[in-house]
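S.K.: Pasting the feature list from Swiss-Prot:
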BINDING   ARG42  L-glutamate binding site
BINDING   ALA76, SER77, TRP102, THR152, ASP173, GLN196, ASN238, THR239  pyridoxal 5'-phosphate binding site
MOD_RES   LYS197  N6-(pyridoxal phosphate)lysine
Amino acid sequence: MAKVYNFSAGPAVLPHQVLAEAQSELLDWHGSGMSVMEMSHRGKEFMEIIHDAEQDLRQLMGIPAGYKVLFLQGGASLQFAMAPLNLLGDKDSIDIVNTGHWSKLAIKEAKRYAKVNVVASSEDRNFCYVPEEAAWQRDPNAAYLHYTSNETIGGLQFPYIPAEQHGVPLVCDMSSDFLSREVDVSRFGMIYAGAQKNIGPSGLTVLLIREDLLGKARADIPTMLNYQVHADADSMYNTPGTYPIYIAGLVFKWLKEQGGVKGIATRNEEKAGLLYHVIDSSGGFYSTHIEQPFRSKMNVVFKLRDEALDEIFLLEARKNGLAQLKGHRAVGGMRASIYNAMPIEGVKSLVNFMQDFARQYG
């Protein structure tokens, strides 16, 4: 089988070790005689799997007491509705920072349920920066402040955690940089992430919520969208995504073996540094419009000087075992997604290809 490095933005690359372990256990998990895919979600075998996954995640992130970990379905996009439906309480407004495509979708959905105050936006310069926090126009009476820590499509990442003000809790869509760097969970009211980037396969959403934010859902909320219902049932109100949770648990164990979040963050810095160096040193053959402090460590978005070369670049990259480099249709160009599971060898292979391509076509 030819070696391929998969730079897809999601569903994305999984650690080879995790895939190999899942393969070895596919027909018989730990001598049970059953595949995880066919286990009862309430049987002792799967209860062990989901318990271990939660405990490993708590250890990796240093999740404090007083926070619930929920394994949900519906993707991060469903959270754009679930968050306001659950967290508004007796308030009627939400603060949101607009830094790109996913922020805009969160704003659009939240407007169905609440007044939305866009505290700051970088749309004026095509989302190339994070607006200076001191200039944000916050509402002291907002139910929460929502931001997207990493814009997967645009390649922009918050380099810091915003400060909490007026007791307004922070809510973060961390879908594409979850577990990629150390964060102080205690600074957040809620964090959520779709699994298909740094956690596991699609079909799973991981949510961390401070317990004092539970129980505020509007009265007419559908039962399946109520955080309190899922928290009370330990993510077992209905049948959860058993196999994605199993794979996520394997990823968490793999991540612990890599030195935890601190260890993987160092590796992620190195990988991103290699790619941005080849872009910046290409004499304009490659370029990125994202200002340097806000460049994503997960999604390196760049363009070729001559768009006519785009298809040639993608075709030749694929011939060299470098897959899924086409940028999102909303922005064009290229996107190399280098999540935790992307080995540094894959990034070095891409860097070498980019240098060779620039020499040939520059």
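Positions of Cβ are set from backbone N, Cα and C atoms, glycine also.
What does the local environment look like for each feature on the list?
M.R.: Note on ARG42 (L-glutamate binding site): other Cβ atoms within 10 Å of its Cβ, all shown chains, come to 9.
Remark: ASN238 (pyridoxal 5'-phosphate binding site) has MET224 as non-local neighbours, by Cβ distance under 8 Å and separation of at least 6 in sequence.
If you take the C-beta of LYS197 (N6-(pyridoxal phosphate)lysine) and look for same-chain residues 6 or more apart in sequence within under 8 angstroms, you find ALA9, GLY10, ALA12, THR152, SER175, SER176, PHE178, MET298, SER337, TYR339.
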S.K.: According to DSSP, does GLN196 (pyridoxal 5'-phosphate binding site) sit in a helix, a strand, or coil?
M.R.: coil
S.K.: Where the distance is taken from Cα to Cα, which of the binding-site residues SER77, GLN196, THR239 turns out closest to ARG42 (L-glutamate binding site)?
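M.R.: So, spelling it out, the nearest of the binding-site residues is THR239.
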S.K.: For the binding-site residues listed here (SER77, THR152, GLN196, THR239), which one has the lowest count of neighbouring CB atoms within 10 Å of its own CB?
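M.R.: Among the binding-site residues SER77, THR152, GLN196, THR239, the sparsest Cβ neighbourhood within 10 Å belongs to THR239.
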